[in-house]
Structures are given as structure tokens and as C-alpha cells.
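What Swiss-Prot records for this protein:
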- Asn5: N-linked glycosylation site (CARBOHYD)
- Asn163: N-linked glycosylation site (CARBOHYD)
- Asn316: N-linked glycosylation site (CARBOHYD)
- Ser307: phosphoserine (MOD_RES)
- 13-33: transmembrane segment (TRANSMEM)
- 67-87: transmembrane segment (TRANSMEM)
- 127-147: transmembrane segment (TRANSMEM)
- 201-218: transmembrane segment (TRANSMEM)
- 230-247: transmembrane segment (TRANSMEM)
- 257-277: transmembrane segment (TRANSMEM)
Amino acid sequence: MAVENNTQRSYSIIPCFIFVELVIMAGTVLLAYYFECTDTFQVHIQGFFCQDGDLMKPYPGTEEESFISPLVLYCVLAATPTAIIFIGEISMYFIKSTRESLIAEEKMILTGDCCYLSPLLRRIIRFIGVFAFGLFATDIFVNAGQVVTGHLTPYFLTVCQPNYTSTDCRAHQQFINNGNICTGDLEVIEKARRSFPSKHAALSIYSALYATMYITSTIKTKSSRLAKPVLCLGTLCTAFLTGLNRVSEYRNHCSDVIAGFILGTAVALFLGMCVVHNFRGTQGSPSKPKPEDPRGVPLMAFPRIESPLETLSAQNHSASMTEVT
């Protein structure tokens with residue numbers, strides 16, 4: 001029910017946000033927590049070939065010793081798109097040239113008789129909320145893939161230290177079905193079984209692509225043609241280098257990084273195009289044109305074609321009038 005031209009009354013937006021959106025978000029965060037911080041989901045024990053050179057790379061150390069540690073990665077992934085969206089929305093709202101189009105796309109929502117939700121607040125919550133949901137969803141997909149496949153890292157045999165004396169491992173092509181012959185540190189071995197897909201690659205490309213889609217869809221720069229491309233390509237390049245770092249440190253295979261890039265790209269494209277609709281506002285339904293009165297419009301109209309008989313008759317009539325005069 002419309003109250004004014006730019007105000008719309010809604011009694012369902014707040015209950016839907018509390019009892020649907022927040023519940024789904026809480027369930028997603030909880031599932032990501034169980035994957036990340038508990039042993040609820042056991043990793044598949046995968047076998048390996050004896051003396052496999054692809055699994056005997058040097059141990060690069062713990063994840064905290066990596067050039068891009070998990071703490072730094074998660075902070076940058078969460079903060080960068082959030083800051084871009086927050087600054088971008090506030091800037092567009094207070095700039096006169098973009099504020100008019102923003103207000104035209106988003107209506108002021110009146111909930112009940114007292115509470116107003118401005119277009120600025122709705123857009124910030126929508127875009128950042130969808131980004132956070134996608135970030136946790138990508139983490140769930142990655143952990144599920146690692147648990148199901150149990151793909152071994154390039155340094156697996158280095159930390160596994162398998163007991164070959166208890167197996168028939170005379171040939172290099174001998175496959176060991178029993179993956180429980182490792183004698184190394186169990187915690188390190190557990191992490192060495194979680195290689196596919198690469199979590200760093202999936203999360204970094206998701207965050208970078210989501211931010212890039214927001215920049216290209218909402219931010220308008222008439223004075224500079226290269227500002228947006230440089231910012232977007234720089235963001236995507238950072239994600240690409242993050243994946244390459246995983247390969248250079250022997251923490252993931254090339255196939256793991258590629259799969260992570262594909263996964264993160266798919267999630268970002270789906271949310272950006274199908275959920276937030278390329279970061280466009282929810283425009284009101286355009287007013288339908290008033291239908292014409294059917295009584296004043298003919299059912300079918302044809303172009304008038306002059307008959308040859310009428311032409312000949314007119315000529316004869318003209319000739320007869322000439323003779324009379």
C-alpha cells in the first residue's frame with residue numbers, strides 16, 4: 001500500500017528479516033563453524049602410490065607461517081568488499097546527481113506507523129548481508145569438497161612418513177590402499193588430506209569478484225575512464241596471486257587452485273546476478289498506459305486502393321461536363 005510517491009508501507013519486511021533471513025544466516029554460520037572448528041565431519045582416507053614424487057614436496061610449515069596467513073586472508077576478504085560497499089553507498093546517497101536515481105530505484109519503507117527504513121540502510125544491509133552469506137557458503141562448499149575427496153597435498157608423504165616395511169612397496173607404481181600407515185604428527189597429517197579445492201583461492205576470488213561486480217554496476221565515473229578498470233583488475237589480480245602463492249609454497253596443486261577459482265566465481269556470479277540483480281534497486285512497477293476506447297478504434301484498417309472503374313467513371317464524367325459547357 002503506497003503512502004506517498006516515494007514511500008511504501010510494508011508489514012512483512014521486518015518479520016521476514018528476523019524469522020527468515022537471520023535464521024538462514026545463523027544456520028549457515030553454524031554449519032561453517034562445525035566444518036571449520038570441530039571434528040564432526042571426518043575426512044575421507046585416500047590411498048597413494050609408493051614414492052609418489054607429486055606428494056613428496058618439502059613441508060612448508062603451518063598455515064600461520066605462510067606468506068598469506070589465514071588471519072590476514074579472512075580480515076582482508078571480509079573488510080575490503082564491506083568497506084567498498086559502505087563507502088560507495090554513502091557517497092552515492094549524498095551526491096546529488098546519483099541520489100535522485102537511487103531514490104527512484106528504492107522506496108522509503110514504512111513499517112507499522114512509526115518506523116521508516118531509508119533506501120540507504122536497505123541497500124547497505126542487502127548487499128553486505130548477501131556478501132557475508134556467500135562468504136560462509138563458499139567456505140562450506142570448500143570444506144565439504146575437502147572432506148569428501150580427501151585429496152592429498154603436495155607435501156603429504158613428507159609429513160606422513162609412511163611405514164613401508166609393513167606394506168608391499170617394491171615398485172613405485174604400487175598403490176597403497178591402506179592410508180593409515182603414516183607415522184607422523186596426526187594433526188599435520190589431517191590437514192595434509194584437505195587439498196581439493198583450495199580454500200584460499202575460492203574465498204579470494206569470491207570476495208574480489210563480488211566487489212568488482214559492485215564497482216562496475218553502481219559506481220559511475222564520468223571524468224575518468226581508467227579508475228574503475230584499475231581498481232577492479234587490481235582486486236582480481238590480488239586474488240589470482242593468492243592462488244599462485246598456494247602453488248609456489250607447495251600447499252596446493254594447480255588443479256586445487258583452479259577448482260577453487262571456479263567455485264568462488266560461480267558463487268559470486270550467482271549471488272551478484274540472480275540474488276541482488278547486479279546491485280540494482282527494487283523499482284516500483286511502471287504505470288501501465290491507459291487503454292484506448294475500443295468503440296472509437298476500428299477493428300481492422302486497410303489502406304484505400306482506388307478502383308480502375310472509379311477512375312474511368314470519373315474521367316468520363318469530366319469529359320461529358322466539358323462537352324455540355
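Placed from the backbone N, Cα and C atoms, the Cβ positions cover glycine too.
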Positions on the same chain near the transmembrane segment (13-33), where near means CB under 8 A and six or more residues out: 109, 111, 115, 117, 129, 132-133, 136-137, 139-140, 143
Outside the transmembrane segment (67-87), six or more residues from its ends: residues with CB under 8 Å to it: 124, 127-128, 131-132, 135, 200, 203-204, 207, 210-211, 214-215, 235, 242, 245, 249
Beyond the flanks of the transmembrane segment (230-247) by at least 6 residues, Cβ under 8 Å: 66-68, 73, 80, 198, 200-201, 204-205, 207-209, 211-212, 215-216, 253-254, 256-257, 260-261
Nonlocal residues around Asn163 (N-linked glycosylation site), in sequence order (Cβ under 8 Å, 6 or more apart): Ile181, Cys182, Thr183
For the transmembrane segment (257-277), sequence-distant contacts whose Cβ falls under 8 Å of one of its Cβ atoms, 6 or more beyond its ends: 126-127, 130-131, 133-134, 137-138, 141-142, 145, 196-207, 209-210, 213-214, 217, 243-244, 246-247
Three-state secondary structure, which DSSP defines for Asn163 (N-linked glycosylation site): coil
